[in-house]
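Notes follow once the structure below has been shown.
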Amino acid sequence: METHTFYKYQGAGNDFIIFDNRNELFDRANVDLVRKLCDRRFGIGADGLMLLQDVEGHDFEMIYYNADGHEGSMCGNGGRCIVAFAQDLGITGSQTDFLAADGVHHARIHANNVGWISLQMIDVDAVQQDGEAYILNTGSPHYIKIVQHLDTFAVFEEGRKVRYNDTYRDEGINVNFVQAENGGYYVRTYERGVEDETLACGTGATAVALAMAWRQGEDGEFETPIRVAGGKLTIRFSKAGDHFTNVFLEGPAEFVFKGEISW
Ligand SMILES: N[C@H](CCC[C@H](N)C(=O)O)C(=O)O
């Protein structure tokens, strides 16, 4: 048994356990351990777990796991949280470039708005349709459907049906329900890998902003406010036809607590 220090961060209520794994003491392949630490009853509890590691040519590498131990896709809120963590560790200043599952990300910590982080997301070149829903990949795969009365909508049940239907069962998909409001959108997401509704999903909020602009069809520069259960996010991007560039996810990322755990 060895004792390990962990850190807990949250971004708009999407919560993460983070380890400084520059010493590589956390075994990347230990998926059972990831699952146990993320369990809200048997472990620390979180929507996901991240490892901050050293990597050639960038400030650090972000290794992200969903609560079920699944690794390999991007997490937008997690990305903003690990940037805050890197700054708290003194690894980076107010700007950083780091490596994640979907490539290199640039991020900026706003000096005049403490805890507000702007994270560049991958360019998007394709929006597909599945019936009335929109499908796109913003580092993770997303399904987006417009609904009425989102406040009382059965996100868990309806999200789960889509995530496990014949089309998506094997790979899984994150299911976002959206309703327009005051020049922006209200979004609730059923997350694959958590297999539940979370309070926020950064790649999901990004996918919603892009899909809604694609649906409207006009090109230009956009700044889209997105309200989620855990707070507010802003998505900035340029749209030219099916091409989305300069995509930024902006929102809060905060340290919650740190602790020690043995295994
Ligand atoms: N919460 C995350 C999404 C994690 C992606 C994951 N649920 C998946 O695609 O497997 C976010 O803020 O972007």
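Using N, Cα and C of the backbone, Cβ positions are placed for all residues, glycine too.
The 10 Å shell around the Cβ of CYS75 (active site, proton donor) contains 29 further Cβ atoms across the protein chains shown. DSSP assigns CYS75 (active site, proton donor) to coil in the three-state reduction, outside any helix or strand. Per TrEMBL, active site, proton donor is recorded for CYS75.
When secondary structure is read from DSSP and collapsed to three states, CYS201 (active site, proton acceptor) falls in the coil class. Residues or ranges marked as active site, proton acceptor in TrEMBL: CYS201.
The substrate binding site annotation in TrEMBL covers ASN14, ASN66, GLY76, ASN77, ASN174, GLU191, ARG192, GLY202, THR203. ASN14 (substrate binding site): 33 other CB atoms within 10 A of its CB, across all protein chains.
Excluding ASN14, ASN66, GLY76, ASN77, ASN174, GLU191, ARG192, GLY202, THR203, which define the substrate site, the same chain contributes ASP47, GLY48, CYS75, GLY78, SER140, THR189, VAL194, THR198, ALA200, CYS201, GLY204 within 8 Å (Cβ to the Cβ centroid), listed in sequence order. CYS201 (active site, proton acceptor) and ASN14 (substrate binding site) have their C-alpha atoms 7 Å apart, to the nearest angstrom. Fewest Cβ neighbours within 10 Å among the binding-site residues ASN174, THR203: this applies to ASN174.
Counting only the Cα atoms, the space from THR203 (substrate binding site) to CYS75 (active site, proton donor) is about 6 angstrom.
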